């Protein structure tokens with residue numbers, strides 16, 4: 001790519017500690033919009049008097065809208081003034097939450113899709129945090145925001161069901177909307193104005209460059225592939241852990257199963273840890289390996305003790321989430337070095353590919369559970385993490401594909417030998 005992050009404009013405003021934490025909390029509260037409906041589907045089905053298949057479209061529309069937003073909205077962070085852009089998305093999310101509280105079913109479906117589209121605000125905040133942070137704390141600050149996102153994902157599922165029991169689903173969405181608007185108002189005062197990255201680029205050029213980045217940047221290709229495989233491992237576990245704990249030998253209730261998410265929340269502490277490691281040792285490439293190692297430990301525990309002792313899935317959830325968080329922050333720090341003026345587009349490409357792993361992992365995990373139960377699920381988990389390890393080793397630290405390097409060396413050696421032979425014959 002053209003411009004490296006090392007050539008970034010030194011005049012960009014610095015980020016304060018208070019703003020870092022507010023943006024981390026805001027990111028978590030915003031991304032939670034995708035998951036509030038998960039435990040409410042049965043309640044929504046009864047309220048709207050629809051069948052299960054129609055109620056399930058709510059989740060599909062949220063996730064479909066999110067993918068659409070990643071593709072078309074996130075790249076605009078490299079074109080539009082980011083403070084105003086982020087605030088606009090957050091305020092729209094808040095207003096949509098109010099609409100979801102009392103919308104009839106068809107409108108609820110429509111608003112769910114739109115909510116998914118605008119919930120990409122955290123994926124604009126993450127590269128912005130990298131822009132605003134000094135190099136020595138960039139990993140730590142990005143890790144804090146990523147922790148906020150993951151905590152929001154996990155807490156949304158737990159709190160939504162609990163709050164609905166006391167406030168009904170109307171109260172869940174009203175509360176979510178109010179919190180987002182309040183945090184948005186705080187950001188208005190705390191966030192400095194951030195200059196546009198690309199005043200001279202058209203909308204079409206922004207979208208076209210996403211494809212150019214994907215096809216020309218080996219570093220982005222490697223990190224995106226590792227993310228896809230680690231997301232798939234993550235989704236495989238969380239999709240099938242419900243089946244594991246609901247059947248022999250555990251027979252846990254839905255509430256007890258939901259508490260497993262607390263282990264995942266504790267694992268999110270690994271994101272800032274991974275960021276600090278990358279800051280101190282200057283080696284995001286090797287932090288990714290540590291994250292993959294934690295995921296291998298998780299699946300080893302799962303296959304060894306997962307069906308015999310409840311401590312096994314709890315520890316595995318902690319290691320799996322922690323490992324994924326470490327590789328996530330390290331991967332994103334690496335791709336942000338590609339260009340300081342294309343970080344939103346780089347993040348969009350990275351997240352679209354990585355996030356598709358959740359869909360793949362859910363399908364593979366469910367199919368493996370049906371076909372062979374927990375042992376086959378663990379086999380799939382090992383396969384995805386093993387593939388991630390191969391992807392890590394297939395590229396060098398600089399992002400060059402090792403096979404291409406080996407071929408180049410082989411040709412060079414062959415040319416040298418041929419030249420020597422010609423000289424000897426002469």
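Heads up, the Cβ atoms here are built off N, Cα and C, so glycines get one too.
The domain 'Major facilitator superfamily (MFS) profile' annotation in TrEMBL covers 16-426.
TrEMBL lists 19-36 (among others) with the feature transmembrane segment. Within its own chain, the transmembrane segment (19-36) is flanked in space by residues 62-63, 66, 89-90, 93, 96-97, 115-116, 119, 121-122, 125-126, 129, 141, 144-145, 147-153, 155-157, 160, 172-173, 176, 179-180, 183-184, 186-187, 190-191, which lie at least six positions past its ends and keep a Cβ under 8 Å from the stretch.
The annotation transmembrane segment is assigned in TrEMBL to 56-73 (among others). A Cβ distance under 8 Å defines the sequence-distant neighbours of the transmembrane segment (56-73), meaning residues of its chain 6+ beyond its ends; these are 33-34, 37-38, 41, 44, 89, 108-109, 112-120, 123, 207, 348, 351-352, 355, 359.
Per TrEMBL, transmembrane segment is recorded for 85-105 (among others).
Marked as transmembrane segment by TrEMBL: 111-130 (among others).
Sequence annotations record features per position, and here TrEMBL assigns transmembrane segment to 169-191 (among others). Residues 16, 18-19, 22-23, 25-26, 29-30, 32-33, 36, 40, 43-44, 47, 83, 86-87, 90-91, 93-98, 100-102, 160, 163 of the same chain lie 6+ residues outside the transmembrane segment (169-191) yet bring a C-beta within less than 8 angstroms of a C-beta in it.
What TrEMBL records for 226-245 (among others) is transmembrane segment. Within the same chain, residues 252, 256-257, 260, 264, 288, 291-292, 295, 298-299, 302, 306-307, 313, 316-317, 320-321, 323-324, 327-328, 331, 350-351, 353-362, 364-366, 368-369, 374, 377, 380-381, 384-385, 387-388, 391-392 sit at least 6 positions outside the transmembrane segment (226-245) and bring their C-beta atoms closer than 8 Å to a C-beta of that stretch.
According to TrEMBL, the feature transmembrane segment maps to 257-275 (among others).
Per TrEMBL, the feature transmembrane segment maps to 281-301 (among others).
The transmembrane segment annotation in TrEMBL covers 348-367 (among others). Listed by sequence, the residues of this chain that lie at least six past the ends of the transmembrane segment (348-367) yet keep a Cβ under 8 A from its Cβ atoms are 63, 66-67, 70-71, 74-75, 123, 210, 213-214, 220, 223-225, 227-237, 239-240, 331-332, 335, 377, 380, 384.
The transmembrane segment annotation in TrEMBL covers 373-395 (among others). Tertiary neighbourhood of the transmembrane segment (373-395): same-chain residues 218-219, 222, 225-226, 229-230, 232-233, 236-237, 240, 244, 288-289, 292, 295-296, 298-299, 302-303, 306-307, 327, 361, 364-365, 401-403, selected by CB-CB distance under 8 Å and a gap of 6+ residues from either end.
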Segment-level pLDDT (mean, integer) for the domain 'Major facilitator superfamily (MFS) profile' (16-426): 86
